[in-house]
């Protein structure tokens, strides 16, 4: 089958039909965004590769061939593929949009979902097994080999839709084009990978037994609502431990005695993650074990569980919106915020003392013209400013330990004594563009013409790693169809976000030896401190 036949067999969705592209997440298979199809008038999801260098025809055909296979895998618990967007600078798979996110979010966002009823947990496990069993029974069998809670999506009624199966070429292209310097697999994938797959030479033997191992780990995770190996930070430690026969702990703490059908489920887990692949059961046998478990629950209990989740999610969203509206009202009216004792732990007095220094003032970017910002971006921007300034890069005169002492992101917003971006306390105090910003503004068209795709992507990576760019701004840049439009959007964002943002871009231009832009300004790019990153990770 040639590339042209593959293209014609797949429904083609033009890029310009994908309106309102919004960044959702990024994984091994590419970046996922939501969009609204201009003709269908429905929300869709788009998984697209970042094409930093032109794909060879053979590479594009391989990716399209995989998409064609996925399009044929139509089943109740498989994520439906609606078509492909195949354009020179944009290659993406368009699927149905899943409003309830992933199983990973359901299990581990305990504030949003404080309780997930047992009937629903068992239904989810049953539907995962049904979906993978269907893939294994295709001709030829379609093996997932990247089954994890992040790839198990949930529709409006919390039914399972398995995603990212059969995307080995897609993942390969994404990793080869990746901007990250990390070569080791992400810990999230290692957790679900069987030990025989740690050695590349043995991958062919693993075959159909790979997915049942992953499923066993997922089952443990669903029943415990804990992250497997959550205390281990180094993926190599996990690999060594698993290769020695260790698995996530099965005891009363991880799997309490009140779990329905506990003994049967533990037996299924232990056989599924057996060290010897030949001792692991097929998904058919797994389903035979699960079916009597499902029959013990009345149909009404599944409906009640779903309704309860929807209620708690709605309450969580309503609370967040109420808080957001309250903050915006206080900002727009320039009203000081009366914080409780817990919120005062941010140390507003320290911040007030520092706010007088020109260095600190320069490091807190404020929009020069709100017309540059979309309404949603404005809201998020002001919310971000109104929180403790850990999301911004501070001047080098402020140490990481001082920044960490200023606030705990896990709990509280700071006092409004920090800044009010709408304050009218004198135009002379408005933040002026720094050296890097002024240089970028003076070289704008030269940068647009000369900044390479690789340099652009490295800049975005660096901004993400320093938490200097918001998701909304990232998506506005990354989803533009051409290199020049991406660069223009990035420079527009630089005008708004401030000096530290601009410094990163200047540094990346220098690193990529874009000599046509010389002379460069002398700048110092401040790296974020590990202590601050730790605080932020805990808050997410």
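Don't overthink the numbers, they just go from 1 along the chain as shown.
Even glycines carry a Cβ here, placed using N, Cα and C.
For residue 146 (active site, proton acceptor), the count of additional Cβ atoms within 10 Å of its Cβ stands at 23 [all protein chains shown]. For the recorded site, residue 146 (active site, proton acceptor), the DSSP three-state label reads coil. Among the features that Swiss-Prot reports, active site, proton acceptor is placed at 146, with the record citing experimental evidence.
Marked as ATP binding site by Swiss-Prot: 24, 25, 26, 27, 28, 29, 30, 31, 32, 47. A strand conformation is recorded for residue 30 (ATP binding site) in the three-state DSSP classification.
The annotation compositional bias 'Polar residues' is assigned in Swiss-Prot to 345-363.
Residues annotated as domain 'Protein kinase' in Swiss-Prot, with sequence analysis given as evidence: 18-294.
Among the features that Swiss-Prot reports, phosphoserine is placed at 174 (among others), with the record citing experimental evidence.
Per Swiss-Prot, (Microbial infection) O-acetylserine is recorded for 174 (among others), and the stated evidence type is experimental evidence.
Per Swiss-Prot, the feature phosphoserine maps to 176 (among others); the stated evidence is experimental evidence.
Annotation comment: Swiss-Prot describes 176 (among others) as (Microbial infection) O-acetylserine, evidence class experimental evidence.
As annotated by Swiss-Prot, (Microbial infection) O-acetylserine applies to 178 (among others), with the evidence given as experimental evidence.
Feature annotation from Swiss-Prot assigns phosphoserine to 180 (among others).
Marked as (Microbial infection) O-acetylserine by Swiss-Prot: 183 (among others).
Residues or ranges marked as (Microbial infection) O-acetylserine in Swiss-Prot (evidence: experimental evidence): 363 (among others).
According to Swiss-Prot, the phosphoserine annotation covers 363 (among others).
Under the heading phosphotyrosine, Swiss-Prot lists 381 (among others).
Annotation source Swiss-Prot lists (Microbial infection) O-acetylthreonine at 397 (among others), citing experimental evidence.
Here Swiss-Prot flags 539 (among others) as phosphoserine, drawing on a large-scale study or a structure entry.
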Students should find that the Cβ of residue 24 (ATP binding site) has, within 10 Å, a number of other Cβ atoms equal to 16
Here the mean pLDDT of the domain 'Protein kinase' (18-294) is 86
